[in-house]
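Taken from TrEMBL, the feature active site covers Arg104, Glu107, Ser130. If you look up TrEMBL, you'll see 24-78 marked as domain 'HTH cro/C1-type'.
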Amino acid sequence: MSQSASIPTNAAPFSALPSIHTLLLEAKAKKGLTFDAIGKAIGKDEVWVASAFYGQAKFSAEDLQKLSEVLDLPHAELTAGLGDHWFPYRGLGSAVPTDPVVYRLYEGIMVYGHPIKALINEKFGDGIMSMIDCYVKVDKKPDPKGDRVVLTFDGKFLPYAKW
């Protein structure tokens, strides 16, 4: 897969991101790195790294040091943009996403959300699956009819409190 070193900063979701995130994405593209390769280099999972690149997770000081080395970016610039003073604003985009991939994920929740909720309640009781204590994995599974996308959400069950 070929990547461009130019990010369309005037288009969503990039137009909603602070410039420091655009810098990260451009450096990633320029180096031709995947989120998986960056994750391995800094000791994090590829989904978490992608999330941090889009402003949805917070890099530690150690992560920023390693990231500056991997992407050949000035450590001081990364720290100034993403250091201790910066915190993620989670939840990019409008209520109903327009990007086809993101929309299909949204559609999946719209179609299967209540059945999934019913199954969680049946198997665990009255509660939710944590998105704070959650791991997400994206895999590719070969199939004769066309490759399959396998998404895994591995979240901690949190029961509702009773008082």
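Glycine too: its Cβ is placed from the backbone N, Cα and C atoms.
Within the same chain, no residue at least six positions away from Glu107 (active site) has a Cβ under 8 Å of its Cβ.
Using a 10 Å radius centred on the Cβ of Arg104 (active site) and all shown protein chains, the other Cβ atoms total 11. Counting in whole angstrom, Arg104 (active site) lies 21 from Ser130 (active site) by their C-alpha atoms.
Ser130 (active site) is surrounded by 11 other CB atoms, counting those within 10 A of its CB over all protein chains shown.
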